[in-house]
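S.K.: Supplied in structure tokens, the structure appears directly below.
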Amino acid sequence: MAEASRILQSGFLPPFSHNSPSHRTTLHFNSSYTFHRRNSTTPNTINIRCSSSVSAAETTKPTKAENVPWGCDIDSLENASTLQKWLSDSGLPDQKMGIQRVDVGERGLVALKNIRKGEKLLFVPPSLVITADSKWSNPEAGAVLKQYNVPDWPFLATYLISEASLMKSSRWSNYISALPRQPYSLLYWTRSELDRYLEASQIRERAIERINNVTGTYNDLKLRIFSKHPDLFPEEIFNIETFNWSFGILFSRLVRLPSMDGRVALVPWADMLNHNCEVETFLDYDKSSQGIVFTTDRAYQPGEQVFISYGRKSNGELLLSYGFVPREGTNPSDSVELSFSLKKSDKCYKEKVEALKKHGLSASECFPIQVTGWPLELMAFAYLVVSPPSMSRQFGEMAAAASNKSTSKKDMKYPEIEEEALQFILDSCESSISKYSKFLQASGEMDLDVTNPKQLNRRVFLKQLAVDLCTSERRILFRSQYILRRRLRDIRSGELKALNLFDGLRNLFK
């Protein structure tokens with residue numbers, strides 16, 4: 001589980017400093033999440049960034065499960081039962097839910113008793129929650145990271161590896177043993193798998209970007225901190241395989257708790273809850289009970305799986321972080337991202353690029369399209385793309401609207417170029433539909449011949465995920481294609497009627 005935000009600006013990690021006081025501020029990173037960092041007032045900063053010297057091929061190598069000795073198979077119940085007993089012994093109140101194998105997700109929490117609508121559940125005490133303030137079993141390692149003011153996400157990723165490496169001597173050993181050893185999130189797909197199965201989807205670019213960010217983060221931590229303290233951070237434990245594992249856990253399970261000053265946390269037991277697109281309930285800290293709770297938005301009978309929401313995410317975003325795709329048509333928040341670009345042959349290309357830059361945009365931008373339509377920002381971008389030199393005075397206005405920074409809240413319209421703008425969007429939709437259709441037609445003929453049965457099962461599963469995603473995204477594009485064609489037909493039909501009326505009047509006067 002994790003909270004979502006828009007992709008905003010580059011740089012997976014902000015600068016951090018050595019030996020300086022800290023407090024939390026909110027920053028946005030080039031991933032699908034909002035992070036917190038410890039901010040420093042000292043001028044001597046150490047820049048943490050994604051290493052540009054790392055090639056895409058190097059950063060998308062698969063994580064080998066055998067290199068990560070912690071956790072369990074994704075559908076294991078044995079370790080989860082041990083986790084429940086440990087949590088109960090450590091202060092978790094009696095639960096109305098138990099962990100079982102389920103149809104939706106390999107394992108989940110199922111109602112053991114009748115649960116009413118509006119009832120609060122869980123009550124996980126803060127002492128059983130992992131945050132950046134949690135006590136380290138190896139306090140010297142934690143002290144070093146705090147001296148450098150490492151941001152919360154890499155701080156927690158390192159903490160998780162440190163605790164996992166201590167096995168039974170860590171307080172969190174029962175929790176870590178119940179975590180999946182290798183989830184199916186896109187962080188674990190190889191570059192060849194991403195290229196093969198997700199070529200048609202824009203989520204492929206998001207996955208590559210995320211993998212590169214995690215690798216760059218690890219490389220910078222290794223360069224700035226780990227290499228200077230090899231006794232505390234030995235490479236046989238703190239390496240790219242273990243960091244892929246820990247970041248995979250964070251991307252799929254970290255939650256933001258608004259009532260705990262917005263801090264991010266891992267909440268054992270609560271992270272066994274699966275997602276349902278129709279559920280509107282989220283985790284938060286309840287001050288009255290002093291525990292992490294959620295309030296049900298429906299009643300559950302004994303034996304029914306209990307769900308929460310991971311946020312209003314598209315199917316692509318759910319696959320990116322959690323490794324699953326909801327059934328086609330069941331996700332009201334589903335969308336497909338399309339890339340749109342200025343035409344370099346445009347006589348006003350430079351002027352339009354400058355207008356976009358002033359509002360934080362580039363010549364190529366991605367916009368989400370839903371079954372219900374597309375955002376006003378996309379329409380403004382389309383207007384800018386097709387606008388002639390005679391409309392140069394409106395370039396700035398269009399760029400501002402495309403960036404959602406326009407002072408006007410009204411739907412911006414330019415009737416004289418509306419047909420061209422809609423045709424531009426339609427052409428992009430149909431081009432993408434063609435790519436999706438080509439993949440889906442070829443998916444049945446893909447060669448999955450591998451000698452390792454486990455690898456074969458993995459490839460079959462990944463291909464099915466890709467087919468499910470591409471089918472749902474193409475469905476949205478088909479709907480948009482229908483709406484765009486109908487709108488263009490109405491515009492052209494209206495123009496034809498106006499032309500016929502004009503011809504009739506001209507003949508009358510003759």
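Cβ coordinates are placed from backbone N, Cα and C, and glycine is handled just like the others.
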S.K.: Have a look at 1-21, 274-294, 337-357 and point to the one annotated region 'Disordered' in TrEMBL.
M.R.: 1-21
S.K.: Consider each pair of residues in Arg253, Asp271, Tyr285, Tyr310, Tyr322, all listed by the record as binding substrate, and report the largest Cα separation in Å as a whole number.
M.R.: 23
S.K.: I'd like to confirm something. Which of the binding-site residues, Arg253, Asn274, His275, has a Cα closest to the Cα of Tyr285 (substrate binding site)?
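M.R.: Closest by Cα: Arg253.
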S.K.: Measuring Cα to Cα, how many Å separate His275 (S-adenosyl-L-methionine binding site) from Tyr310 (substrate binding site)?
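M.R.: About 6 Å separate the Cα atoms of these two residues.
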S.K.: Measuring Cα to Cα, how many angstrom lie between Tyr310 (substrate binding site) and Arg253 (S-adenosyl-L-methionine binding site)?
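M.R.: Each residue's Cα considered, Tyr310 (substrate binding site) and Arg253 (S-adenosyl-L-methionine binding site) end up 9 Å apart.
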S.K.: For a quick check of packing: other C-beta atoms within 10 Å of the C-beta of Tyr310 (substrate binding site), how many?
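M.R.: So the number of other Cβ atoms within 10 Å of Tyr310 (substrate binding site) is 25.
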